[in-house]
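Please read through the structure below; I'll follow up with questions.
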Amino acid sequence: MTEVRRRGRPGQAEPVAQKGAQALERGIAILQYLEKSGGSSSVSDISLNLDLPLSTTFRLLKVLQAADFVYQDSQLGWWHIGLGVFNVGAAYIHNRDVLSVAGPFMRRLMLLSGETVNVAIRNGNEAVLIGQLECKSMVRMCAPLGSRLPLHASGAGKALLYPLAEEELMSIILQTGLQQFTPTTLVDMPTLLKDLEQARELGYTVDKEEHVVGLNCIASAIYDDVGSVVAAISISGPSSRLTEDRFVSQGELVRDTARDISTALGLKAHL
């Protein structure tokens, strides 16, 4: 195991981390107070109500201002909730919109395929599971909501990759590398790129036990009203049931479901 050496005196790291956590908690408390105060307040009121020193309150507000989470009225000097908070909230609402629209289609897909249905989004260089509808089979393959999946080695991950422009795709792969999870994980660039090209042509991608041994997945990209990929929908099941002879029929079913969701989100033409 590689030893990580830190500069400074022994025992210094923990107090620094504690101070950082305390500053974060106080920053969140300020945002929550502004929200309860109708979106704005004076620095003195914030300081008084949160029992913080005035200098500390002002310093935290300046940090939040640098992140666009708050801004100061130049005339009155009051502090207001900024655009950064709106952007964070908008991302949450957008994801919830995808799920609320996808819900009926997920149920239909689950009933037609007989497999568990998942919805995932891309978060940086990972896919994150945000929605799931378990199948009714006694044997089913499920992962907890919030699970993180490798982009190159999961059905949902590859569905989030194949619509991307080659430059962005290569950038992601170079950053993440091609870690091997199972004997069938695609760990060389030419093979992965060929797999993604085929997925682009078919409108769906297949994960043949590439992330978990015994688990197969079929996934397709979901697009918003401007044609940007916003999520992926997949079915997952044991490889003994979701067998290779079902890949085409189930792949077309997943692809058509993704297209229906994309249309419901406002996409005018199929990509």
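Cβ atoms are placed via backbone N, Cα and C, with glycine included.
On a predicted model such as this, the values are computed, not experimentally measured, just so you know.
According to Swiss-Prot:
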type	residues	note
DOMAIN	21-83	domain 'HTH iclR-type'
DNA_BIND	43-62	DNA-binding region
DOMAIN	98-267	domain 'IclR-ED'
BINDING	S154, G155, A156, D207, C217, S234, I235, S236	glyoxylate binding site
As a test of the contact definition, list every same-chain residue at least 6 positions from A156 (glyoxylate binding site) whose Cβ is closer than 8 Å to its Cβ.
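Same-chain residues close to A156 (glyoxylate binding site) (Cβ under 8 Å, separated by 6 or more) are N118, A120, A127, L129, L149, C217, A219, A232, I233, S234.
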List nothing but the largest Cα to Cα distance in Å, as a whole number, among the residues S154, G155, A156, D207, C217, S234, I235, S236 that the record says bind glyoxylate.
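Pairwise Cα check on S154, G155, A156, D207, C217, S234, I235, S236 gives a maximum of 11 Å.
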Within the DNA-binding region (43-62), how many residues are helix, strand or coil going by DSSP?
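Reading the DSSP string over the DNA-binding region (43-62) gives 17 helix, 0 strand, 3 coil.
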Which number gives the other C-beta atoms within 10 angstroms of the C-beta of S234 (glyoxylate binding site), all protein chains shown included?
31
To test your reading of the glyoxylate site: which residues beyond S154, G155, A156, D207, C217, S234, I235, S236, same chain only, put their Cβ within 8 Å of the Cβ centroid of those residues?
N118, A159, N216, I218, A219
Which site among S154, S236 has the most other CB atoms no more than 10 Å from its CB, taking these as binding-site residues?
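The most densely surrounded of these binding-site residues is S154.
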